[in-house]
There are 2 protein chains.
Amino acid sequence: MPATWVPNVDPASEFSLANIPFGIISTPADSSPHPAVAIGSSVLDLKVLAAEPDFGKVFPSLQDGAHVFSANSLNAFAALGRPVHRQVRKDIQELLSEGTAHAAFLRDNAALRERALLPQRGVKMHLPMEIGDYTDFYAGRHHAYFLGVMFRGPQNALQPNYTHLPVGYHGRASSVVVSGTPVRRPWGQILLDPAAEPKVPTTAPCRRLDIELELGCFLCKPNEMGTPVGVDEAEEHIFGYVLLNDWSARDIQTWEYVPLGPFNSKNFCSTISPWVVLADALEPFRTKGIENETELQDYLREAREDNVLDIRLEVDITTPEGDTTTISRTSAKNLMWSFPQMIAHHSLGGCPMRTGDLLGSGTISGTEASERGSLLEISEGGKKDIMLCGMDTRRFLKDGDTISIRGRCGGEGERVGFGDCVGRIYSAIQR
Amino acid sequence: MPATWVPNVDPASEFSLANIPFGIISTPADSSPHPAVAIGSSVLDLKVLAAEPDFGKVFPSLQDGAHVFSANSLNAFAALGRPVHRQVRKDIQELLSEGTAHAAFLRDNAALRERALLPQRGVKMHLPMEIGDYTDFYAGRHHAYFLGVMFRGPQNALQPNYTHLPVGYHGRASSVVVSGTPVRRPWGQILLDPAAEPKVPTTAPCRRLDIELELGCFLCKPNEMGTPVGVDEAEEHIFGYVLLNDWSARDIQTWEYVPLGPFNSKNFCSTISPWVVLADALEPFRTKGIENETELQDYLREAREDNVLDIRLEVDITTPEGDTTTISRTSAKNLMWSFPQMIAHHSLGGCPMRTGDLLGSGTISGTEASERGSLLEISEGGKKDIMLCGMDTRRFLKDGDTISIRGRCGGEGERVGFGDCVGRIYSAIQR
């Protein structure tokens, strides 16, 4: 990867020239949300660029850059398809490289640089995509196994269908928010004493508020109703990835989820990181997922083995007092199902998927105690204190706690990351 | 209700002057989908009306009728809120009444009449709303009980949470289609012998393709994330109602649904009727739902008792040979939870709901054998033949079968109905 002429790009930055993630910003000069990419501690405003007369010369693959880059979501850009994303990312990398062929367009154009290259801390980030439907899978086998042991013992930890199909459920698109959005502790129906008979619930603020460390995947290419996506074609349907914290109300979940699945325990908020890292930027970090010894149905058999991504994931909790503890370190490779398998399964019966749809991986946990992606696992079902810096402990989240997830790949100078996926817990509303 | 000057409005029509349902049409003169209302066997093209200079005099409550009535969905109109829907429906009733004060605008204006009042059979109906999220409830107690008996016996037929909260799950918005859209038999993972161990699925076309007779409810008023809707305010959030056939693949469902709920068994297609009957048009048909003896949580207690709608529902099946049999006759009053209760529960934890969101009631069945809303119930779990006209039988749907649902209230001359909710089964794709 060549060096960039953009000033102050720290070699440790997750927004190296090797990344070029896309997001939606608003700026002091333009309060209408619009596309940008991140580079070092700056953003490059694509709407400003696209208004330049020579834009078409620098980005010949974009027939209508002004339209795509003045939209308030990335959907129009995503809909152009993988070959265009690939070329535009290359064109931006070239534009920002020291020896760029287009030096006159931006590098040596002080007036444009001043309008287009802005400090990240001076812009506001918005939800990057208009999400039609959101589906959450359960592909983190270690997580599923750990929860299964907790609820049903080691003999029946995984349901019989678990290794045959990527289990998933439809989530709530309206509740997906961008990093930084306040997370309100939900009220819900809760069984205070689950063992008591008859079972009589109480309506109260959630007492077992949890996180779920996930990878999110945005789709770019739609399929028509009735037409499944083949597992080896599914990669062409993937726009890019974000970090996803699928906040979960465990006490509400326990009472509500039989027989139709999680509902209010999940639909109050799901936080995603602000930058969509293009699928192409993550190609170098492909690896093999968790082995599945079950003989797969044909439609789930992939030609390639390196079907998941080795992204280093970290979860920090910061207490209201300001003490920060890293409570989990794992990798996104801890999935037993790949996103192409999820897409092939999701569309098997003909379900139409659209540009902007979001798929969640399910909670990602490793095998070790330090690698678990939910507090429910770390606290072993809420039975064990999690020790925090500042002499504090947690089993579940307290009001004022902040959770921050990071995801990074690659080494210095060519690091690829997502930006923080952050949410702070606010007290339940007064009723 | 006064008489209408519109020609050929049959006294038996479900689109009487007392109805005035809203839909989205395209016409020979204007192929861009846009709003209309139904009257008798005609439609009144609202986009054509709104382009008239005197439109504002006839519809003083619509500040920007040209905008609202040139949109390709009813969302903009719905977002104006219940008081505006009420007034506009009244204004249309007045406009179409014999003694209208605005005779010069339409009744006596042959040129406009010719462009605005079109035969229904000459227009194409489209999905009436842009659906952000679709949630399907399970409020039909007789249905839930019948299925529970089938799976768990009469002692444990209803799950412990059933009478405490309206159980529901997030559905797939992208798979909701308008009446008449072909229904492709889905492929899926199926256990051919559910009793065999180990459980090994087959990938095959669904063999137990079913219907679910439901009422759908469209929302007009959003709530902010974190702000629940009170049960007695929820009525103001309801735009109107449609019939809903939530096609279901029972064999796929059985294998996939534990622990996260139905997924591919439901997301291949859900059909709605084309006309949204405004909540106000159904006010005269309010009644009391199924008694719930459980003491309700405060947030679910409604001030009014007549909280459901007595809509006569009928399900017809037409075989490929053209023989039609009515296989179910019931009423939409067979719900134990009202839509205001569903909305209050859905938003209890702060889930944001948006204009255009669709809520399904869950399958509606009465207590009698002739009143069941799914083939699974009518065929007693697929064990008993359903006798059809033409010496034919069914347990589940065959390719070429057509299902048509109707819903009607009120008597001759003031009937309120939805139009047909129709879908024909096409054979599974070749793989």
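Using N, Cα and C of the backbone, Cβ positions are placed for all residues, glycine too.
Listed by TrEMBL as binding Mg(2+) are A:LYS266, A:SER270; the candidate from A:ASP232, A:ASP246, A:ASP298 that the record includes in that site is A:ASP246.
For the Ca(2+) site, TrEMBL records A:GLU212, A:GLU214, A:ASP246, and the single candidate of A:ASP136, A:ASP316, A:ASP323 listed with them is A:ASP136. The recorded positions near A:SER270 (Mg(2+) binding site), taking a 10 angstroms Cα-Cα threshold over the set A:HIS143, A:ARG152, A:GLN253, A:THR363, amount to none.
Listed in sequence order, the residues A:ASP136, A:GLY171, A:ARG172, A:SER175, A:GLU212, A:LEU244, A:ASN245, A:TRP247, A:SER248, A:ASN267, A:CYS269, A:GLY360 complete the 8 Å Cβ shell around the Mg(2+) site centroid, once A:ASP246, A:LYS266, A:SER270 themselves are left out. Under 8 angstroms separates the C-beta of A:TYR138, A:TYR257 from a C-beta of chain B, among the recorded positions A:TYR138, A:HIS143, A:GLU214, A:TYR257, A:THR363. Sequence-distant contacts of A:GLU214 (Ca(2+) binding site), defined by Cβ-Cβ distance under 8 angstroms and a gap of at least six in the same chain, are A:ASP136, A:GLY140, A:LEU243, A:LEU244, A:ASN245, A:ASP246, A:GLY360, A:SER361, A:GLY362, A:THR363, A:ILE364, A:GLY373. For the domain 'Fumarylacetoacetase-like C-terminal' (A:158-407), the mean pLDDT of the prediction comes to 97. A:GLN253 (substrate binding site) has A:LYS266 nearby among the recorded positions A:HIS143, A:GLU212, A:LYS266, counting only those with a Cα within 10 angstroms of its own Cα. Helix first, then strand, then coil: DSSP counts for the domain 'Fumarylacetoacetase N-terminal' (A:18-128) stand at 41 helix, 22 strand, 48 coil. For the pair A:TYR138 (substrate binding site) and A:GLU212 (Ca(2+) binding site), the C-alpha distance works out to 11 angstrom.
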